[in-house]
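Okay, so here's the structure we're looking at.
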Amino acid sequence: MMLATPAARVVLILAWIYPSHALYFHIGETEKKCFIEEIPDETMVIGKYRTQLWDKLTDSFLAATPGLGMHVEIKDPDTKIILSRQYGSDGRFTFTSHTPGEHQICLHSNSTKMALFAGGKLRVHLDIQVGEHTNNYPEIAAKDKLTELQLRARQLLDQVEQIQKEQNYQRYREERFRMTSESTNQRVLWWSIAQTLILIVTGIWQMKHLKSFFEAKKLV
């Protein structure tokens, strides 16, 4: 489907950049689930989660007990741990990226509450907000006493800033891809040269060997 106006395209782009990712998944007692999020540098990320335990009596998922904890671990693109903390059955974690690239967000339950699982399933609802979606604009408006127009201008400025960060990140990815391509092309070139030299040396050696063979047989 084509968009009718340039303004509609802008709205679509703004909605596409840094969306809020809400999902749920099931894990076992010691199972670990990880998610990859591509994040530019100097970008705030807020994650919220809540857990539910499977109840055999009601045949449904119910709110987990406070004794059930979740461990959250976050690694940057260099596999450096930037957050590792134990939370409760419901929690909220926040971090700011300092290196652009793929960040790994992992969650797993604590392994000391075996009785709580009793062979059942644990459902985790996870909501990840990136960039300007982490801002609570009603709270900002009340704190800074902003009018509706001023608040809208603040939102647009934040969106423009996030777009700039995304553009810088895309340039960073393109530069890395270009460097990788150039390195691969250079290796292919040197490998081709090496193959050519090997063929030439092999050919010369074969010619000398055949000449020696014919001379030994007195055929030449």
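Cβ coordinates come from backbone N, Cα and C, glycine included.
Confidence across the domain 'GOLD' (32-130), taken as the mean pLDDT and rounded to a whole number, stands at 83. The domain 'GOLD' feature in TrEMBL is assigned to 32-130.
Summarising the annotation, TrEMBL assigns signal peptide to 1-22.
If you look up TrEMBL, you'll see 188-207 marked as transmembrane segment.
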Response to the item:
For the domain 'GOLD' (32-130), the DSSP residue counts stand at 4 helix, 62 strand, 33 coil
